[in-house]
Amino acid sequence: MDLDLHSCALQLQTITSNVFIKQGKQLHLLFLKRGVLPSSITLANRLLQMYSRCGDLSDARKVFDEMPQRNCFTWNSMIEGYMKSRNERESLSLFYAMPHKNSFTWNVIVSGFVKEGKLNVARRFFDEMPMKNGVAWNSMIHGYAENGRPTEAIGLFKDLKSGFHGPCDVDIYVLATVFGACTDLSALRFGKIIHGSVVVCGVEFDPVLGSSVVNMYGKCGDLDSASLVLRSLPYPDDFSLSSLISAYSNSGRVIDAERVFRIKDDPCVALWNSLISGYIVNDMATEALLLFGEMRRNGTREDASTIAIVLSACDRLGFLEYGTQFHGHTCKFGATRDIVVASVLVDSYAKCGRPESACALFGEIDTYDTILLNSMINVYCTCGRIEDAIEVFRSMPSKSLISWNSMISGLSKNGYPKEALSCFGELNAKGFHMDRFSLASVISTCATISSLELGKQLYAKAIVIGLESDKIVSTALVDFCCKCGLVDDGRKLFDEMVHSDEASWNSMLMGYATNGYGVEALDLFGDMRKVGVMPTEITFTAVLSACNHCGLVEEGLRWFHEMKQKYFIDPGIEHYSCMIDLFARVGQLEEAVDLLMYMPFEADASMWSTILRGCLAHGDAILGKKVAEIITTIDPKNPDAYVQLSSIFATSGDWGGSEDVRKLMTTKKMQKIPGTSWVDH
């Protein structure tokens, strides 16, 4: 029976996966038995192509090597097969050995290296092409745009349109890509030029091209042109509408965003997401939640993006209970496996003061990305679980600069300054380009251990990389100088700051206060109010501490009351501590006790010890005895109170009382720790 070679060739073309390769091998065996391969280059090519498509490059190469005759199709099939299997070395070997290359051969090499992300190699072959065609141009432009190199994409498109390389067709997908590159670069002027040429040439706008033009105008801030293009489209697609809604929202034009949203009678979930997100961008989180309710009533099913956006709204409003309920809904919906949703949930719990819930959620997640892991480093550091933070950091397959910054900051804040400096050294050794956050974190670490020499080196580093005037770095340097006792140097840096915020002012204020410069701190606080910088809790801690150092009771009382009445800041335990210490220092012991008794916090032994030191300084033995008894009740094993009470009796001339206290200490087997001063404890 004669073999129908045409039918066999057609059957080989239908075999495109390894699942059916067994049938192809049976045909191959039949061809060998009949001896038809040497005389039919078409049949051999189809057989070679079949093996190549199925990923069996070994058998494909055997067919290739045994072929007595080869044509361009033969060579191209093997070159393409090797390139798709990422065997670039064999692909190039055949490419250079191929006697007569055609445009398809060059396209395979150029597009293959583009898909691998090796754009410089692809560009070298593209430049060497004797005759460039539309496929090669489009591959290179797409490759540059998709790999974050929009400048090169636009530059290549300009070369294409110059006509220097001959006429070449440009498809609408390349035009959409170029509009996207213009968007990334905010190159509105060039985008308008391309748009004009597209209109003049009569190119028909399909949904992809129309969306890219609307998106380009919207994100470049030309909202009127974006709206005009949208109205000119015969059927505005959802992506175009979503782009314009986002553009209006980002420009604060929420009413216009709502108008575009209402164009569609039955908006898809992407449009709902765009407007809900737009409300949040414009600090309208309540309206965002109301719109989400409307979406649910409308019957539109939310997706993972919706859940992430709504959780963000709950986070902004501080609706922890609603966010927790929504977490339950998220579990039922099955969206907690979505990395974006999981990241928002973790971040929400952390910001709402529930890091333990964030940790529990993290333990239930199977898939992670760098953003989520960075969030968990911060959460663990906030909880004081520094070992867990280190474990997450070390297990990360790819660490971003944010990862390193989070770890350095976490180590420093949790009392591991040497480890923080070691981590910074590792970051520097790996060649990362440090930013202002990494530099500020390590400068703050030097401040905690008063490492003056290393701090000066980091200051020099800041100057070298041009960050010495950065607000965050400058603030860290001011804090560093003050903690090292170089208050004048800190003030000089502060005065040289071009932009200062409350953090900068607070650093200088605390520097003055902690170094005993009370008058200077109060003067600086006056300057701070004059320039309109709003005080914070830290500001008032520094101010009350300065009043304490200077013994300014009336001034301290004034600011203690005004921080709540005028600035709506509830005094914290540190503010009460400053005032109690101030009263005790100047001898107003009853006022100190009253404030301590009525403050909304539970007093510990150290706060009572403050009053006891005041009793010692001002010889109030009666109150001192009562306070000492309270301290021994709170902390029975603390000898501090007994020693100070003994000193009070001795100072007031009651030597018998002093001796009785000493005997009581002996009976309870309490001893003063050698080398310390109980008076200044």
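Cβ coordinates are placed from backbone N, Cα and C, and glycine is handled just like the others.
Listed features, source TrEMBL:
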- 40-74: repeat 'PPR' (REPEAT)
- 102-132: repeat 'PPR' (REPEAT)
- 133-167: repeat 'PPR' (REPEAT)
- 268-302: repeat 'PPR' (REPEAT)
- 369-403: repeat 'PPR' (REPEAT)
- 470-500: repeat 'PPR' (REPEAT)
- 501-535: repeat 'PPR' (REPEAT)
- 536-566: repeat 'PPR' (REPEAT)
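Helix first, then strand, then coil: DSSP counts for the repeat 'PPR' (268-302) stand at 26 helix, 0 strand, 9 coil.
Within its own chain, the repeat 'PPR' (536-566) is flanked in space by residues 502, 505-506, 509-510, 512-514, 516-519, 521-522, 525, 528, 572, 574-575, 578-579, 581-583, 585-586, 588, which lie at least six positions past its ends and keep a Cβ under 8 Å from the stretch. Beyond the ends of the repeat 'PPR' (369-403), by six or more residues, the same chain brings 339, 342-343, 346-347, 349-350, 355-356, 358-359, 362, 409-411, 413-414, 416, 427, 432-435, 437-438 to within a C-beta distance below 8 angstroms of the stretch. According to DSSP, the secondary structure content of the repeat 'PPR' (536-566) in residues is 27 helix, 0 strand, 4 coil.
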